[in-house]
Amino acid sequence: MASSCSFLLLAALLALVSWQATSSDPSPLQDFCVADMHSPVRVNGFVCKNPMDVNADDFFKAAALDKPRVTNKVGSNVTLINVMQIAGLNTLGISIARIDYAPLGQNPPHTHPRATEILTVLEGTLYVGFVTSNLPAPNRNKFLSKVLNKGDVFVFPVGLIHFQFNPNPHQPAIAIAALSSQNPGAITIANAVFGSDPAISDDVLAKAFQVEKNTIDWLQAQFWENNHN
């Protein structure tokens, strides 16, 4: 009898869990959710503006993505168009970026914690790559790379460290990237590790990188410039 009751209880629990899993609707329940940047309400993203107050400018930005950008000391400039620039991108899960590379410039190793990136080269040549998360030996972190020419496309999976480098010492390069989030985020590895505020303890970093503390102190004293606009 006890065994039968336990079975019925388990069956009821599984049915309840199954119903909860299938009764949700992961698709959008409205046409759009234009971000209300002035709302005091804090949610995971932005609350919706009243749809009666929405107009075409909520989905538009004169971004001049056809114009070249001035690059910084690492030789790149990322012009990102996300929900902060176009409020209509809220909840739509997409953004776009133009990336300019000086000769021998790079978009240094970084990660997007909330987005997969697909990149296409418009001008020039790029050497690109990403590193996997921890794997069993011998390939504990496998490095995958490719040389891209004009018109080529490459994908960087969500959350993985990746980079792009222009190997041409004479000609700039240009790429366009689409990202699978309206707010993909960017963590530039060197900036985050050596340029955090407040600084990470040099004892911690010296141990992690297996170098002398004065090496860490020198790195932390550098100006870690952001190449994202």
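The first residue you see is number 1, and the count goes up from there.
From the backbone N, Cα and C atoms, a Cβ is placed for every residue, glycine too.
Because TrEMBL annotations are produced automatically, they should be read as predictions rather than curated entries.
Features reported for this protein in TrEMBL:
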type	residues	note
SIGNAL	1-24	signal peptide
DISULFID	Cys33-Cys48	disulfide bond
DOMAIN	60-217	domain 'Cupin type-1'
BINDING	Asn107, His112, Glu117	oxalate binding site
BINDING	His110, His112, Glu117, His162	Mn(2+) binding site
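Here the features listed in TrEMBL are placed on the structure.
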residue: Cys33; record: disulfide bond; Cβ neighbours (10 Å): 22
residue: Cys48; record: disulfide bond; Cβ neighbours (10 Å): 18
residue: Asn107; record: oxalate binding site; Cβ neighbours (10 Å): 29
residue: His110; record: Mn(2+) binding site; Cβ neighbours (10 Å): 21
residue: His112; record: oxalate binding site; Cβ neighbours (10 Å): 23
residue: Glu117; record: oxalate binding site; Cβ neighbours (10 Å): 22
residue: His162; record: Mn(2+) binding site; Cβ neighbours (10 Å): 22
Write out, in the order they occur in the sequence, the residues of the chain not among Asn107, His112, Glu117 that have a C-beta within 8 Å of the mean position of the C-beta atoms of the recorded oxalate site.
Ala97, His110, Thr111, Ala115, Leu119, Phe156, His162, Ala177, Leu179, Pro184, Ala186
Of the recorded positions Cys33, Cys48, Glu117, which one sits closest to His110 (Mn(2+) binding site) when you measure Cα to Cα?
Glu117
Reported as an integer number of Å, what is the Cα distance between Asn107 (oxalate binding site) and His162 (Mn(2+) binding site)?
9
Tell me, in order along the sequence, which recorded positions from Cys33, Cys48, His112 have their CA within 10 Å of His162 (Mn(2+) binding site).
His112
Cβ within 8 angstroms of the Cβ centroid of His110, His112, Glu117, His162: which residues besides those meet this for the Mn(2+) site?
Thr111, Ala115, Phe130, Phe156, Leu160, Ile161, Pro184, Ala186
